[in-house]
Every structure is written in structure tokens, then in C-alpha cells.
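Accompanying notes for the structure given below.
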Amino acid sequence: MAAILRKTSGLLRVNSGILCPKAKLSGFAHMSRTKKAALVTFGALAAGSTGLVSALHISVSAEEYDIHPPNLIWPHSGVFSTFDHASLRRGYQVYKEVCSACHSMQYLAFRNLVGVTHTEAEAKTIAEEFQIPDGPDEEGEMFERPGKLSDYFPKPYANDEAARAANQGALPPDMSYIALARHGNENYIFALLTGYCEPPAGVEVKGDLYYNPYFPGQAIGMAPPIYNEIIEYEDGTPATMGQIAKDVSTFLRWASEPEHDERKRMGLKALMVLSMILGVAYYTKRHKWSVLKSRKLAYRPPTA
Amino acid sequence: MAAPLRKEHPIFRILNSTFVDLPLPSNLSIWWNSGSLLGLCLVVQILTGIFLAMHYTADITLAFSSVMHILRDVNYGWFLRYVHANGVSLFFICMYCHIGRGLYYGSYNKIETWNVGVILFLVTILTAFMGYVLVWGQMSFWAATVITNLVSAIPYIGTIIVQWLWGGFSVDNATLTRFFPFHFLFPFIIAALAVIHLVFLHNSGANNPFAFNSNYDKAPFHIYFTTKDTVGFILLVAALFSLALLFPGALNDPENFIPANPLVTPPHIQPEWYFLFAYAILRSIPNKLGGVIALVAAILVLFLMPLLNTSKNESNSFRPLSQAAFWLLVAHLFILTWIGSQPVEYPYVLLGQVASVLYFSLFIFGFPIVSSIENKIIFS
């Protein structure tokens with residue numbers, strides 16, 4: 001049996017050699033020693049330069065005054081991961097009970113909550129808790145009515161000037177895009193909310209400002225907004241400071257891109273379909289080109 | 001026997017000679033895919049742009065909100081916007097590959113095609129810049145302010161031209177309302193220029209990696225290059241969807257999610273990644289006019305390539321010294337791109353100045369000298 005196998009494999013080897021001689025035009029095995037040495041030197045130089053640039057980049061970044069927020073692992077961080085919707089619901093509660101007193105959320109409507117953090121009935125109830133200015137009515141008068149799902153989140157202040165006047169001159173930013181509008185995204189929000197501390201020796205924070213190393217300039221007008229047990233979660237989750245910061249950061253990230261989950265789902269589907277089409281297209285290309293690729297060019301010198 | 005319709009019909013005949021029966025060198029490598037990929041990018045940008053324009057409002061009080069409205073309230077508006085915003089990155093990746101291929105394989109020797117290509121590059125830069133301003137975020141506004149202000153460096157008439165561009169005394173509503181129609185119009189000019197580019201190309205015939213006369217060995221566009229381009233198209237669409245659907249904000253500046261505010265300057269003003277190399281060259285020269293001249297020269301130097309070419313062999317395939325010079329240029333572009341994204345301070349300023357000098361030196365002295373040396377080695 002072993003002899004038969006040996007013979008068969010030998011035959012196959014010979015046959016493959018006859019039918020399809022492999023061109024040896026490129027590849028490391030057939031490269032001259034000089035070329036190999038040049039290639040290795042070039043590679044070493046490229047790797048050394050990249051390392052030097054990287055080290056320089058890190059060392060100069062370390063000299064900056066602002067602390068970069070650490071990259072945390074969020075449930076939605078993965079390429080195909082979706083939001084933790086229980087966290088989103090808790091995050092909305094934090095926003096509503098803590099943040100919304102000063103920060104607006106002008107691009108988010110109550111309808112956006114449906115199917116994400118609340119049921120339709122719950123979202124309607126939430127909307128009805130607010131009085132929304134509307135009108136004019138048939139007599140030309142403006143009036144207030146209970147909120148509807150189509151209404152956007154009401155602003156805490158009538159205008160920016162009123163907001164500044166109520167906050168020692170500092171304008172609380174709108175929260176709709178806060179997670180995308182800051183370097184570090186939700187990592188920044190989490191670091192900012194949990195990063196309040198005493199200023200280091202020699203640093204003086206003036207007036208009604210607070211020291212926070214993650215805020216550009218380190219002096220922030222917003223007082224530490226969260227601490228342990230500042231709220232009581234509906235679902236009974238212990239409301240520690242870290243939990244609250246995590247939930248509201250997640251909620252603000254969702255508020256910045258409500259399409260997040262659908263977008264990633266669409267991305268997954270698109271890549272699955274495209275990879276199948278790519279396989280077919282690549283095979284077709286190889287098949288059609290096989291005629292050209294397997295040609296043999298030969299030089300026949302003219303005979304005398 | 002009657003000839004097929006595609007060869008007889010006056011319109012189909014043109015299409016046939018461009019996309020079906022066109023004979024092309026059979027040894028074109030994947031780098032030649034970049035041309036068709038650029039065509040696909042242009043089509044994607046025009047299509048998504050038309051639909052975005054249906055919902056966009058070119059008024060400074062509404063522009064930012066209208067973009068956010070597209071992202072949140074328009075059906076799949078976020079998809080259109082992300083594809084459009086990330087599509088431009090892929091457009092420039094393909095364009096840089098296309099230009100790089102032209103430099104490496106000596107395509108600049110087809111002078112008309114090359115010159116129209118450089119004009120295409122310039123118009124694309126302008127179009128991308130004006131599109132970036134339309135978002136009316138912080139970085140849009142300040143990029144518009146910085147870039148338009150560069151024109152003021154022109155002696156005597158600079159300030160007049162800048163105010164004429166602005167339509168006032170600062171970047172304001174008039175600026176936005178004129179940038180929008182230009183951003184809408186320019187892609188069609190790009191499409192027209194691309195047709196001219198192709199006419200010149202097909203008139204002279206495509207180059208090939210060896211730059212030999214390829215008349216002895218050509219293959220029809222269909223089925224060979226249609227199947228090859230299809231593979232490229234699918235890979236490009238996969239890359240575009242990966243960016244737009246999985247990492248939509250990876251290449252965008254967070255500052256642009258803050259509405260434009262003329263009273264607050266962002267800490268680091270910088271353009272999108274594809275302009276960073278030119279921005280680094282601009283910043284490398286302490287004098288404003290000098291910086292502007294260097295910035296413009298960094299692009300226009302491409303026009304000089306046919307004139308500065310001294311090689312007797314068009315392609316770099318058999319010229320190892322020119323290959324090394326080419327990859328040195330690529331390395332410099334990467335370094336300049338990195339420098340452009342860093343703050344204006346030591347050591348970045350010094351590195352940027354060195355890289356800028358070497359960038360121009362390679363074009364003006366490096367390639368011609370190296371090619372002359374190779375001529376002596378190969379042909380003498």
C-alpha cells in the first residue's frame with residue numbers, strides 16, 4: 001500500500017510539473033543576497049523611524065497640560081456591539097433628574113425614546129409631564145399644552161443669555177452632541193464627571209470655579225454634579241457615582257447618534273453580502289483572466 | 001453580416017470604444033484600478049450629495065441644524081451623510097494612489113492627460129474644501145476663515161479679493177450661500193474634466209508598468225478589465241461601508257459637532273487628514289506670503305514633472321534609484337501629514353521645515369539627478 005502511495009504521489013509530482021511549470025520571477029527565495037540585505041536594511045530603517053516618530057509623539061503629548069481621558073471598555077465599544085439599553089434607560093433618568101436642570105438637549109425628541117429606553121406609552125407619559133408652548137390659536141394667542149411624542153426636549157432656559165445669567169456667566173452646552181463633540185467621546189464625559197478633585201499644590205482655582213484635570217484649562221464652572229445615591233434608580237441598581245457616570249455617559253453617546261445600533265447592524269449585513277459578492281467577482285475575474293495569465297511567451301531566434 | 005448595434009449606433013459607438021472594445025495593455029497592475037475607483041467615488045459623491053442637498057439649508061442660522069436634521073429626522077439621512085463625508089476620504093486615497101502610480105510609472109509623459117489630471121486634483125481640493133465649510137461647525141468655520149485669509153497674502157489686491165470671496169468683511173452668510181452652489185456645481189465640472197482626461201488618455205493609449213510599447217499584447221476592456229474593475233469596486237464599497245457604518249466619526253473632527261462660533265477659536269485648527277501635508281508645508285514657512293506660495297507650489301509642482309523628467313525609460317520598474325526616491329517622497333508625505341496634525345511647536349516645526357525642503361528637493365533635484373545617474377549606468 002505504501003509503495004502504491006509513493007508511486008502515485010511521485011506520478012502526481014511529475015505530472016504537476018509538466019502541466020503547470022511555475023514561474024519563479026519573484027519571491028524572497030530567489031532574491032540575491034545584496035537585495036535581501038537592502039530589503040532588511042530598509043525594513044529596519046522604516047521600523048526604527050516609525051518607533052522614533054511614535055516615541056516623539058507620545059513624549060510631546062505627555063507635555064500637554066490637559067489629561068487625556070483613559071479609554072474604557074464600553075458595552076457598545078465593539079465593532080458590532082450595541083448599546084446596553086437598561087443602562088440607556090438609567091442614563092435618561094440621570095439626565096432628567098440631574099443634567100436637564102441646566103443642559104438642553106435640543107435635537108432629541110420624545111419619540112426618540114420609544115423602543116430604545118421606554119415603551120410608547122411610557123414615552124407619551126414622559127412627554128405629557130412637560131408644558132410645551134404652541135400656537136397661535138384661533139384668537140392669535142400663544143398657549144401651552146402637554147407635550148407630545150413629536151415634541152423636542154424642552155430647554156431649561158429661555159435663551160443663552162438667561163442660561164449664562166443663571167450659571168455665573170458660563171453657558172451650559174447643549175447635550176445633543178456632547179459625546180461626539182469632545183475628544184475622547186463618552187470616555188471624556190465619564191472622566192469629567194468622576195474627575196473632580198482638590199487642585200494640586202500651587203494651583204489656585206478662582207471664584208466659583210472647580211478644579212477638574214480633564215476639563216480644558218482645568219477650571220470648570222459646573223459644580224460636581226453627581227455623587228453616591230444622588231438619585232434612586234427605578235430598577236433598583238445601586239446608584240454609585242461610577243454607575244451614574246457610566247449610565248449617563250452611555251445615554252449621552254446614544255443621544256449623539258440614535259442610529260448607532262441600526263447603523264452597526266446595517267454594516268454587518270453589508271459586509272456579509274459584500275464578502276459573498278467579492279468571492280464571486282474575484283473567482284470570475286480569475287476565471288476570465290486565466291487565459292491571459294497562463295500564456296507562455298517564447299523567443300524563437302530566426303534560423304539561418 | 002451586420003455589425004453589432006454597439007459598433008453602429010452613434011452614441012453606443014463612443015461607449016463601446018471607451019468601455020467595451022477598448023484595447024488595453026494586458027499587463028496593467030492593480031494600481032491602474034485607481035482610475036475607475038475615482039470614477040466610482042465621483043458617482044457616489046454626486047448621488048449622495050444631490051439627496052443631501054434636498055434637505056440642506058445654506059443659511060448660517062440653519063445650516064448646522066439642517067445637517068443634524070439630516071442625521072436624525074430624514075429617512076436614512078445619517079447613511080447618506082456618513083457615506084458622503086467618508087466618501088471624500090476614499091476619494092482622496094484613490095486620488096493619491098492614482099497620482100503616485102502616475103509618478104512611479106511615468107504617466108506624466110502623456111502631458112495633456114497629466115495636466116488635465118493635475119487640474120482635476122486642484123478642482124477636487126476646492127470642492128472638498130467648500131463642502132467641508134457647509135456643515136458650519138466650529139472647524140468648518142475656522143477652516144474657511146484660515147484658508148480664505150491665505151488669499152490676503154497676495155500683495156496689493158489680496159484683501160480686496162478676500163472680501164470679494166467672503167461677500168463681506170468676514171466669513172458669514174454670504175460666504176456660505178456662495179460656497180453651497182459652487183460645491184454643488186464643481187463635481188459636474190470634475191465629471192467634465194474627467195471625460196477630457198479620458199479622451200486624452202485614449203488618444204495616446206494607456207501606459208503600462210514596463211512603459212514598453214504594448215501594441216503587441218493588448219486585451220479588450222470587456223471582459224478583462226470590467227471583471228478586474230468590478231473586484232476593485234466591491235472592495236471600495238466594502239471599505240466605504242466599513243467607514244460609514246462602523247467607524248463614521250473616525251476621520252472627522254469632534255469640533256465640527258459644535259455649531260460655528262466666530263467668538264471662540266478652537267485650540268487646534270487643522271484641516272481634514274487629506275490636506276494635512278499641504279497644511280504642514282504652509283506652516284513651515286514663517287512668512288505668510290511665502291507659506292501660501294509653498295502651499296500652492298506643493299500641488300503645482302506636479303505640472304513640472306514632464307519638464308523635469310530626464311529618464312530615458314519612462315517607468316520606474318527597472319530603475320531602483322528612482323524607486324528609492326519615489327518611496328522617499330511617499331515617506332515625506334506621511335511625515336508631513338503627521339506634522340500637519342500636530343501643534344505648531346518644537347520639534348514639529350523643525351521637522352516640518354526639513355520635510356518640506358526635502359519634498360520640493362525630491363521633485364526639482366532628486367528625481368532628475370537620480371534619473372540621469374541611472375541613464376549613465378543603464379545606457380552608457
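Each residue, glycine too, has its Cβ placed from N, Cα and C.
Quick look at what Swiss-Prot annotates:
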type	residues	note
BINDING	B:His84, B:His183	heme b b562 binding site
BINDING	B:His98, B:His197	heme b b566 binding site
BINDING	B:His202	ubiquinone binding site
TRANSMEM	B:34-54	transmembrane segment
TRANSMEM	B:78-99	transmembrane segment
TRANSMEM	B:114-134	transmembrane segment
TRANSMEM	B:179-199	transmembrane segment
TRANSMEM	B:227-247	transmembrane segment
TRANSMEM	B:289-309	transmembrane segment
TRANSMEM	B:321-341	transmembrane segment
TRANSMEM	B:348-369	transmembrane segment
Any idea what the Cα distance is from B:His84 (heme b b562 binding site) over to B:His202 (ubiquinone binding site), rounded to a whole Å? 30
Distant-in-sequence neighbours of the transmembrane segment (B:227-247), which means Cβ under 8 A and at least six residues beyond its ends: 30, 33, 36-37, 40-41, 44, 79, 82-83, 85-87, 89-90, 94
Count of other CB atoms lying within 10 Å of the CB belonging to B:His183 (heme b b562 binding site): 22
Cα distance (Å, whole number) from B:His202 (ubiquinone binding site) to B:His98 (heme b b566 binding site): 17
For the transmembrane segment (B:348-369), give me same-chain residues lying six or more residues beyond its boundaries with a C-beta closer than 8 angstroms to one of its C-beta atoms, as numbers and ranges. 280-281, 283-285, 294, 297-298, 301, 304-305, 308-310, 322, 325, 328-329, 332-333, 335-336, 339-340, 342
Considering only the recorded stretches B:114-134, B:179-199, B:321-341, state which has the highest number of Cβ pairs under 8 Å to the transmembrane segment (B:289-309). B:114-134
Outside the transmembrane segment (B:114-134), at least 6 residues beyond either end, the same-chain residues with a Cβ under 8 Å of its Cβ set are 49, 56, 58, 63, 67, 88, 91-92, 95, 98-99, 102, 107-108, 140-141, 143-144, 147, 175-176, 179-180, 182-183, 186-187, 189-190, 193-194, 196-197, 200, 271-272, 274-275, 299-300, 302-303, 305-306
Close approaches to the transmembrane segment (B:179-199) from elsewhere in its chain (Cβ under 8 angstroms; 6 or more beyond its ends): 18, 38-39, 42, 45-46, 49, 53, 56, 58, 113, 116-117, 119-120, 123-124, 126-127, 130-131, 133-134, 144
Report, as a single number, how many Cβ atoms besides its own are within 10 Å of the Cβ of B:His84 (heme b b562 binding site). 20
Where's the emptiest Cβ shell within 10 Å among the binding-site residues B:His98, B:His197, B:His202? B:His202
Cα of B:His197 (heme b b566 binding site) to Cα of B:His183 (heme b b562 binding site), in Å and rounded, measures 21
